[in-house]
Amino acid sequence: MVSPVTVVKSEGPKLVPFFKATCVYFVLWLPTSSPSWFSALIKCLPIFCLWVFLLAHGFSFLCAHSSARKILAGLIFSALGDAFLIWQEQGYFEHGLLMFAITHILYSSAFGMKPINVHAGLVISAASFLCYLLLYPYLSGPFTYLVAVYIALIGFMGWRAIAGLQLANDLWTWTKLSACLGAVLFMVSDLTIAVNKFCFPVPHSRAIIMATYYAAQMLIVLSAVECQDVEAARKRT
């Protein structure tokens, strides 16, 4: 297993553009009340940098590892979702929801179905059900069903990321830990969006949403590195 220190030394420099782009977003802090293509670009810029991060590993790396290709595709749909959510007040919230739903399907496929880890699945199912119970009284119309489907998809993605960790069996790797943390942060980000939009205003919601979202995407992308070792471990379990 490759140590985290080695990973930081080898992968850290490639992530510098991502960190700079994230800083630009938080420094500019463009108002959401006046959406524009420029604000969409600034919001999507960190995700574009994560594209470059994966592409920097070479096309041979992407061709050889399906997990990396699926995560790259998920980033593309994430950027589209980010762009749609810039104009959510103009009626594009559902479009953004669809783009991120596709993202979660792609990430779930990248994480794979082995090991099953029934206990993790039960915990995530219970948490997802409780989240929907929290939101349900505030939902109406198509959102009653759309939110349910979305919670199921992101919950499934979280299950597949968490299932691979297997801390008790000492089968974990830093890539699996990265995927797990990324999935959990993604769920926190999306739950904050849902509560803030449908239930009640969440203090500092935008900062919480974007900080956890960017961190989640970075960690999920990092989980694609050395995915050859991850896929080999899946075949052994």
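Backbone N, Cα and C atoms are what each Cβ position is placed from, and that goes for glycine too.
Note that TrEMBL annotation is computational and uncurated.
Long-range Cβ contacts of the transmembrane segment (37-59) within its own chain (Cβ-Cβ under 8 Å, at least 6 residues beyond either end) map to 14-15, 17-18, 20-22, 24-25, 28, 30, 68, 71-72, 75-76, 78-79, 82-83, 86, 214, 217-218, 221, 224-225. Annotation source TrEMBL lists transmembrane segment at 37-59 (among others).
Residues or ranges marked as transmembrane segment by TrEMBL: 71-87 (among others). For the transmembrane segment (71-87), the residues of the chain that approach it from at least six positions outside its boundaries are 32, 35-36, 39-40, 43-44, 47-48, 50-51, 54-55, 62, 93, 95-100, 102-104, 106-107, 110, 217, 220-221, 223-224, judged by C-beta separation under 8 angstroms.
With a cut-off of 8 Å between Cβ atoms, the residues of this chain six or more beyond the transmembrane segment (93-113) that come close are 66-68, 70-71, 73-75, 77-78, 80-85, 142, 146, 149-150, 153-154, 156-157, 160-161, 163-164, 179, 183, 190, 197, 220, 223-224, 231, 234. Positions annotated as transmembrane segment by TrEMBL: 93-113 (among others).
Away from its own ends, the transmembrane segment (120-139) comes close to residues 147-148, 151-152, 154-156, 158-159, 162-163, 191, 194-195, 198-199 of its chain (Cβ-Cβ under 8 Å, at least six residues beyond either end). According to TrEMBL, the feature transmembrane segment maps to 120-139 (among others).
Taken from TrEMBL, the feature transmembrane segment covers 145-165 (among others).
The transmembrane segment annotation in TrEMBL covers 177-195 (among others).
What TrEMBL records for 207-225 (among others) is transmembrane segment. Beyond its flanks by at least six residues, the transmembrane segment (207-225) meets 7, 11, 15, 18, 22, 25-26, 46-47, 50, 53-54, 57, 65, 67-68, 71-72, 74-75, 78, 107, 110-111, 161, 175-176, 178-179, 181-186, 188-189, 192-193, 196 of its own chain at Cβ-Cβ distances under 8 Å.
Listed by sequence, the residues of this chain that lie at least six past the ends of the transmembrane segment (145-165) yet keep a Cβ under 8 A from its Cβ atoms are 94, 97, 100-101, 104-105, 107-108, 111-113, 115-117, 120-121, 124-125, 127-128, 131-132, 135, 139, 172, 176-177, 179-180, 182-184, 186-187, 190, 194, 198, 220, 223, 230, 234.
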